[in-house]
Every structure is written in C-alpha cells, then in structure tokens.
Amino acid sequence: MAKVYYEKDVTVNVLKEKKVAIIGYGSQGHAHAQNLRDNGFDVVVGLRKGKSWDKANEDGFSVYTVAEAAEKADVVMILLPDELQPEVYEAEIAPNLQAGNSLVFAHGFNVHFDQVKPPANVDVFLVAPKGPGHLVRRTFAEGGAVPALFAVYQDATGVATEKALSYADGIGATRAGVLETTFKEETETDLFGEQAVLCGGVTALVKAGFETLVDAGYQPELAYFECLHELKLIVDLMYEGGLENMRYSVSDTAQWGDFVSGPRVVTEDTKKAMGAVLAEIQDGTFARGWIAEHKAGRPNFHATNEKENKHEIEVVGRKLREMMPFVQPRVKVGVK
C-alpha cells in the first residue's frame with residue numbers, strides 16, 4: 001500500500017523562503033500559482049507572450065519570460081504540455097538552473113523517458129494533483145483539497161523529499177493526502193490508464209456497442225443514448241462510491257446483466273491485450289512513437305482525429321445534444 005502524508009507530517013516548510021516559478025498558466029498552472037500564493041509562497045509566472053501572460057498579469061502575478069522566471073527562482077515547476085517541455089527546458093530553463101535549485105513536474109513522462117535530462121546538482125521531484133486545475137483551485141478555496149502524488153527522482157541537496165512535501169502542502173494537497181510513488185510508477189500507470197481504460201478503452205467500447213446496435217437495425221439515436229449518453233450516469237456512481245455503489249444504485253436487471261455479460265465482453269483476451277499495451281509503455285515503444293509523431297508534425301494524429309470526428313456516433317451525438325441545452329462541453333472542441 002502507498003505511504004500517505006498529511007498536513008501534520010509537514011512540520012517545516014523548507015520552501016517558504018524560496019521563490020517559486022510556475023512555468024505555464026493553464027489548467028494546473030493557474031491553480032498551483034494561486035494556491036501557493038494564498039499559502040504565503042513567493043510566486044512568479046514564466047510564460048511566452050500571449051493570452052496566458054495577460055491573464056496571469058490580471059490575476060496579480062509578476063510575469064516574466066520562461067528564461068527570466070527560471071533565472072530568478074529557486075524552484076521551477078514545469079506545467080506545460082508534455083510535448084513542449086523538452087524544447088522549452090533546453091532553451092530557456094536548463095541554462096538558468098543553479099546548484100541546489102529544484103526542478104519540479106506534475107507528470108514524469110519527459111524525465112522517465114529521457115527527454116529532459118536534469119543536471120546532477122539540482123533536486124528533481126514531481127507533485128501531481130489527481131484532478132483538473134479548476135478542481136484543485138476550487139476545493140482549496142473552500143478549505144478542502146484534491147489528493148496528489150509525489151515522487152523524488154534526484155536528491156541533490158538531501159532534502160528533496162521535504163521540498164516535495166512542502167510544495168504539496170503549499171497547493172493544499174496535504175489536507176486530503178499525498179501518496180508517495182516513483183517517476184516510473186506515476187508515468188507508466190498514468191499512460192496505461194489513459195490508453196487501456198479512460199480514453200482508448202472507453203472510446204473503443206462505446207463505439208463497438210453503438211455499431212453493434214446500429215448494425216442490428218436499431219435507430220442510431222437510441223444506440224447513442226444507451227452506449228454513450230448514459231455512460232456519465234454510471235461513471236458518476238462509480239466515482240462517488242466505487243463499483244459497489246453503482247451496482248447498488250442500478251436496477252437488479254442491470255446488475256445481473258453486469259454479472260453475466262460483462263465478462264463476455266471484456267475477456268481474458270482483453271486483459272492479454274491490456275498487458276501488451278502496458279509492455280509497450282514500459283519498454284518505451286509508445287513514448288518513442290509519440291515523440292516521433294510529434295516531431296514529424298503529427299500527420300497520423302491529425303488524420304485519425306479527423307476520421308474519428310466523422311464517425312456516425314459523433315454525427316448523431318451533435319444533433320441529439322442540440323435537444324439538451326443542459327449538456328455543454330467544458331472546452332471548445334477544435335484542432336489541437
């Protein structure tokens with residue numbers, strides 16, 4: 001079982017007198033910066049000119065270029081998309097790191113897969129809230145918190161663990177609990193969850209169910225409701241109380257169908273396929289492929305995205321959602 005740390009375990013905040021640079025001011029960046037500031041930390045924001053720069057300024061932060069922020073800071077938290085981090089790190093952060101500084105991440109991908117190679121004289125750790133930035137900020141403001149993970153990759157000063165816990169405490173995570181892990185474990189489990197279950201697994205399952213009903217002659221609108229729309233109702237029940245809460249809340253007919261039919265859909269062969277996905281994450285195959293795809297301009301990424309957006313389930317869904325004004329996407333769908 002994971003070791004969990006709480007507020008009572010952070011007896012000395014070793015970062016309170018340090019300057020923290022938050023690199024990026026998106027979902028996580030704004031939450032980290034504001035929570036740390038509210039907890040008395042000296043925070044600056046590092047950005048390139050644009051809307052985020054203006055927003056951080058409006059929120060009362062001193063905003064600098066990434067290089068300037070890194071040069072001023074003792075602690076540099078990189079909250080940029082994975083694929084942008086290596087270039088920004090090499091060009092703007094690495095030249096400004098000093099011995100004893102802390103290089104911090106919210107995801108271990110680039111360090112674990114050697115895309116970012118920190119010098120030996122800095123501490124390297126991650127603090128990863130297990131929720132989106134808006135929730136990290138809102139729960140903090142309400143006096144609560146989102147749990148987080150932390151891991152130490154490199155302890156140059158001898159107090160990297162204390163620094164990581166102080167940072168986690170600064171964003172409020174110790175109120176809920178901070179679980180200790182490693183860069184390897186955080187990275188590999190995060191990627192596996194996305195690919196086999198949360199994104200890849202779920203979308204494939206939803207499309208397969210939709211196609212099965214439509215191919216059997218059922219109206220696509222009903223197939224959409226049964227295989228996609230109602231998924232939120234079930235996931236919310238699991239989110240709130242696990243599988244047992246979902247099974248308790250649905251009808252007995254639905255629960256019996258779960259028991260007798262679920263294992264026929266997700267079979268031992270499915271688990272073997274999941275094992276193959278995990279193996280490709282562990283040996284770096286997935287990372288190498290994604291890095292190469294990004295460097296090539298993402299031709300397969302964009303082609304697949306365009307094709308998927310034309311699937312019948314998407315066409316039907318767009319029409320049905322016009323009937324439900326209470327269903328609104330949190331973000332505007334567009335080209336990445």
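Start at 1 and count along the chain as shown; that gives each residue its number.
Glycine is no exception: its Cβ is also placed from the backbone N, Cα and C atoms.
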### Summary
Which of GLY133, GLY143, GLY144, GLY158 shares the NADP(+) site with TYR25, GLY26, SER27, GLN28, ARG48, SER52, ASP82, GLU83, LEU84, GLN85 in Swiss-Prot? The record says GLY133
### Summary
One should report the C-alpha separation between TYR25 (NADP(+) binding site) and ASP190 (Mg(2+) 2 binding site), rounded to whole angstrom, as 22
### Task
Determine the minimum-neighbour residue: among ARG48, HIS107, listed as recorded positions, which Cβ has the fewest other Cβ atoms within 10 angstroms?
ARG48
### Task
Could you pull the average pLDDT for the domain 'KARI N-terminal Rossmann' (2-181)?
97
#### Entry: Where the record names TYR25, GLY26, SER27, GLN28, ARG48, SER52, ASP82, GLU83, LEU84, GLN85, GLY133 as binding NADP(+), the maximum Cα to Cα distance in Å
20
### Query
Where's the emptiest Cβ shell within 10 Å among the binding-site residues TYR25, SER27, GLU230, SER251?
SER251
